[in-house]
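According to TrEMBL, the feature transmembrane segment maps to 12-31, 51-69, 184-206, 233-257, 313-331, 337-355, 408-427. Annotation comment: TrEMBL describes 200-431 as domain 'ABC transmembrane type-1'.
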Amino acid sequence: MNYDRLKSIYASGLLFVFWLLVSLAIVPDIIDYSIKVQQQIGSKKLWIKSVSIWIHFILALGSFIANCFAEKYVPIETVSDKMPVVPELYVNFLSRIFCTWVTPLIVRGYKTPLTENDCWQLPISEQTVTVAHQVQNCMKGINMQTTSMSYENISTANQIKDENRNLLNNLPVVDIKIHEKKTVFWRALFGAFIDKIISGGLIKFVHDLFQLTGPLVLKLFLNFFTDPTKPKWLGIFYAILISTMVFCQVIFLRAYFHCQFLVGLRFRSAITGLVYRKSLKLSNSSRHASTTGEIINLMSIDASHFADITTQLHMLWSAPFQILVILILLYQQMQLAIIPGVALLLIMIPINLFIQRIQKQLTSKQMTVKDERIKMMNEILNGIRVLKLYGWEPAFIRLISRIRQKELGFIRQQAVIGAISSIFWTFTPIL
C-alpha cells in the first residue's frame, strides 16, 4: 500500500486479486467444516475451527470489498481548471478493467453535443512535451555513452602503442578515429518506454497461456460426459473453469491492447514533437534536401503508421510460440496426420512475404507521390496571389488532379493486395 501511494495509485489491482483469491480459497474449508459440524454436533474442537475459519473468511471478504473502492482523489490545481482530469487515474480496479469510467462521457455525448470543456485533460505523462523530452534525454544518454566508449578505446590503444613502440615499428600503423555519430533515435524511442513494452509482453504471454490451455480443459470436460463414474462436482468445476478462463482471456486481451495503444500514442507524440522541433532548426542546405511535404508526412502519416505497429509488435515472438505449442498439441492427438497442414503452413509463409513486399513497394510509391502533391500544394498556397493575378488556377488544378489520380491508383492497388492477403489469412486455417 505504501508503494501504491508513492506511485499515486489510488486502487491497487494486486491487492484486489490477492484478497479475491484468498476469499475463494477459504470457501472449500467453510463447506467442509460445515458438513463435519452437522455430522458431529457435540465436538467443541470442530466448532472452534469452524468459527475461526468463518472469522478468517469475513476478514478476507471485508478486505476484498474495501479494495473494490479507490482512495479519495484530491485534485491538483492545473493551468486548465476547466477541463476535468481523466477518471482512469483515480477510479477503482473494477472500473479500470471494464472501462466503466468512460460511461458518463458517452451518456453526456448521447444527450448533448460534446464541447472541449467536456473532454478530459490529458495526463502529464502522456503529453507531447513530456514524451518528447523523455526520448530526447534517452538520446543524450546513448550519445554520451557511445562517445565515452570511443574515448576509452582511443586511450587504451594509445597506451598499448606507447608500451610496445619497438614491436610495432615494422608493422603498418592503423589510425583509430572516434566513431561517427550514428542514429540513435530508434534505440532511444524503444528504450524510453521499455517498461511499458515489457509489461505488454507479459500480458500477452498470460493471454496466450489462457488461449492455449482452453482446449485442454475442454477436452477434460468432454471426457467427463463419456465417463459416468466421475462425480458431478467435477463437471461443475470444469464448466466454471472454462468460463473463468474465457473471461480472463478477454480481460488480458483488452489490457494488452490498452497497454500497446498507449505505447503507440507515446511513439506518435514523440516522433511528431521531435520532428517538429528538428524542422525549426534546419539549416538552409537541409531545407533544400528535405521538402515540406516530407516533413508533414513524417509528422502525420509515418508517425501514425509507426504507432499502429505497436499492437503487433509482440507477435514477433508470440506467433512462433503459439504455432509451436499448437503443433505439439496436434501431434499428440493426430500423430503424423498433421504433416499436410504443416506443409501448407510452410508454403503460405513465402507467399505472404511476397505479398507484403509488394504492399511495401506500393506504399513507398504512394508516399513519394503524396510528398510531391503536398509540396505542390504548399507552393501554390505561397504563390496564390501570383496565380490569381495571371489566372493560372485551371492549369494548376489539372496538375494537382493528375498527381492525386496517380496517388489514388496506388491506393487502389494497395486495397487489392490487402484483400488478397486477407483471403489467404482467412482460408488458410480452413484448408
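Using the three backbone atoms N, Cα and C, a Cβ is placed for every residue, glycine included.
For the transmembrane segment (233-257), the partner stretch with the highest count of Cβ pairs under 8 angstroms, out of 51-69, 184-206, 313-331, 337-355, is 184-206. Long-range contacts of the transmembrane segment (12-31) within the same chain, counting only residues at least 6 positions beyond its ends with a Cβ under 8 Å from a Cβ of the stretch, are 1, 4, 50, 53-54, 56-57, 60-61, 63-64, 67-68, 93-94, 96.
Recorded stretches compared: 51-69, 313-331, 337-355; the one with the most Cβ pairs under 8 Å to the transmembrane segment (184-206) is 313-331. Same-chain neighbours of the transmembrane segment (313-331): 197, 200-201, 204-205, 208, 211-212, 215-216, 256, 260, 338, 341-342, 345, counting only residues six or more beyond its ends whose CB sits under 8 Å from a CB of the stretch.
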